[in-house]
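The block underneath contains the structure these notes are about, expressed in C-alpha cells.
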Amino acid sequence: MNKYEVIVVGAGHAGCEAALAAARMGCRTLVLSICLDTVAHMPCSPSVGGVGKGHLVREIDALGGRMALITDRTAIQFRLLNTKKGPAVWGTRTQNDKARYRISMKHCLESEPNLDLKQAHVESLAVEGNRIVGVIDQLGVFFGADAVVLATGTFLRGLVHIGTTSVEAGRAGELASYPLANQLQRLGFTLGRMKTGTPARLGRRSIDFSRFREQHGDEAPKPFSLFTDSIALPQVSCFIGKTHQRTHELVRRHIHLSPLYNGTIRGVSARYCPSLEDKVMRFPDKDFHQIILEPEGLDTEEVYASGTGNSLPYDIQLRLIHSVPGLEEAEVMRPAYAIEYDFVQPTQLKATLGSKLVEGLYMAGQINGTSGYEEAAGQGLWAGINAALKAQGRPPFILDRSEAYLAVMVDDLVTRGTNEPYRIFTSRAEYRLLLREDNADLRLLEKGCELGLHSADAAKELRERRGAIRNELERLRLTHVRPSAQVNQTLAENHSPPLDAPAPLDKLLKRPELNYSTVAILSPPPEPLSSKVTEQVEVECKYEGYLKRQEAEVAKFRQLEQAAIPEDLMYDDIPGLSNELRQKLGAVRPLSLGQATRIPGMTPAAVSVLMVHLRRRAQGGPFLAPVLDPGVNMHSQKKKLA
C-alpha cells in the first residue's frame, strides 16, 4: 500500500528527525532515501554539538527527538566548551563514531512501528492545484501522502569539485537530484546556490602524532540526553597541530587552480567554516592556521583532518598535507572536495516550515540554506511535527524566540532569509540567559509530552524535579547560617570572606567563589538531591538578578508577538508604507507585529503605520494598546500613538 499520511524525502539528520516525530505522533510515515546505506550519514565532521549547536541538540532531546540519544550512544569523546564564561554560552560537543551513529539511527527508524523505510530516488512532487498529494520516484512509482517533508541536503543539483574535475553528485560517490530541483523552480520557488566542503581523511598509522598536542575529553562527561544513563563507548583523544608557511605558499602559488577562486564555483561559501584557500587568502598575515585530527571511529583507520578543507587538485592536496608538521608521510585515504547545491530561499516558508506556495509541503535542513547536522535535525523535528499535525487536522506547533534556539533559527530563516549557509550562534538569541543548555528540558519537555513524543513517566519526573528545584531555592532563601569557627574555616578553604553576622544560604551561594556543594556542607538539604537539581539551583540562584531582568524583557517582547497580523492583510492598501516594505511584508507575511519588526529594512515609522492600520481594522475588537512600543530593540517612543 503506497498511501501514507507523511512522506519524508531524504534520510539525513533532518529527514530522520522529521520521520521519527511524525511516526511517533501516530502518522503512518514513509522515508525515501536514494541509498539506505547512508541513512544518518555524517559526510563531514565526526562530531555533534558545540556552542549554540549543543543548545539545539538539548532542545531536540527535550521535545522528543532522537539526535541526543544516538549521539550519546556513539560518542567517543565529550567536552564542555566555554566553561570560563557564564552558563548561558556553555556548549557540549562530542566526537562520534560515524559508522555506529549511522547504524544506530537506522535501527531507530527500522524499529518504529508506524514508519516504513524505502530506497527510492524521488524525481517529482505530485501536486494537485496548490496542494501536495504525494511523490513520484525515478521508476515512476507513486507514493501518496497528506504531507511531504523535503530534506534533500546537498543533493539538489549537487556538483562536487576537486580541481578541474567536477562531478554531478549529492555527496562524493552519490547521485544528485536534478529533476526535483527543476520542478521546484517550475512551481515558483526561488532557488539559490550555496557551497560547502569537507577536508581530507588521513590514515591513522601514517601520522606522526608526537608532533601534535593531545586533546583529551572531559574526565566526567555529561551526556546530551536526559535519558542517557551511562557512556557506553571507550573515550579517545583528538590532536591539535598547525599549518606551516610552506602550506600557505602552496595555496597562494596554485590558487588559480581552485574552483573557488577561478570562477568555477558560483555558490556562496560558509562564512564561519572557511576553506583553507579562504583562510590563507583572506588572512595573509597569519603565520599558521589550526588543524585538528579527529578520529572517525573506533574501528576505522580514517582520521578527519579538520582545517584542511579545500577544492584544489589532488596532487596539490597531497603536497599541502605533507607540508604540515607531523603529516609528512600521511596517507590521504579520501581527498578534500567542495560541493555546490541548490537551496530554497526560506522566506517562502511559513513559521511551521511549510511552503506558502504548495499546501502540505514542508522543508527542512540544507534545502533551507542552513549548514550543520544540528541545524538540520532541529528543522527536521520542527517540520516533522507540523507535517504530522497538518495530516491530523490539528493546530500547528510554533515557538517564539524567547522559548528556544530552535525558534530563533526558524524565525531567522522565514523572516530574514539567508544568502549564505546559516549557522546557529548563541549571539543570535536575544534571551540567551533564559535559553541555556541546562534548562532545555524545563523549557520544552512538557511541550514534547503534549505532542505525544514523551511518555507520562518523563512528564512525572519533570514535575518532581521542578518541585525539588523550587523547594531547594526556597530553603536556601529561608535558611540562615550563623558565624562559627567551623563555618568560617570552610569559607576560608574556598577563599571566601568569613561571616560576622548570620547570612541566608542563597546570599552565600551568590558569592562567585562558592558553589552549591560548598553551601550544602554548611547546611545540607533534608534529602540528597540529584545533580540535575543542584546544577539548576546554583544557576538560578547565582544569576537571579540577570534572569529577572531578562524575563521582564521577554514580557515586553511578547506584547508584540501577541499582536497578530491577519494572513490575508493587503499591504498595498496601507498608506504610508514604501513600495519596498510592502513587497517585503507581502513576501514574508509576518504572523505578528513582533515578526514584522525583524524583517530586514523595517523601520520604526513603518511599524507605527502598521500598528495604526491594525488598530483601525480591529475597531470594535480588542484595543492594541499593549503593543504601543514598536519593537523591543527599536527604541521608539512608547506613547507616540497614545
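Note that the numbers count up from 1, one per residue, in the order the chain is shown.
A Cβ is built for glycine as well, from the same backbone N, Cα and C atoms used for every other residue.
Annotated FAD binding in Swiss-Prot involves GLY10, ALA11, GLY12, HIS13, ALA14, GLY15, VAL122, SER177 plus, out of the candidates GLN348, GLN366, GLN392, the residue GLN366. Whole-number maximum of the Cα to Cα distances across the FAD-binding residues GLY10, ALA11, GLY12, HIS13, ALA14, GLY15, VAL122, SER177, GLN366: 18 angstrom. Taking the binding-site residues ALA14, CYS273, LYS279, MET281 in turn and counting surrounding C-beta atoms within 10 angstroms, the largest count is reached at ALA14. When the binding-site residues SER269, SER275, GLN366 are compared by the number of other CB atoms within 10 angstroms of each CB, SER269 has the fewest. The Cβ of VAL122 (FAD binding site) has 24 neighbouring Cβ atoms from other residues within 10 Å, across all protein chains displayed. Note on GLY12 (FAD binding site): other Cβ atoms within 10 Å of its Cβ, all shown chains, come to 29. The separation of GLN366 (FAD binding site) from MET281 (NAD(+) binding site), Cα to Cα, is 27 Å.
Counting only residues at least six positions away in the same chain, the Cβ atoms of LEU32, SER33, LEU150, ALA151, THR152, GLY153, PHE155, GLY365 sit under 8 Å from the Cβ of GLY10 (FAD binding site).
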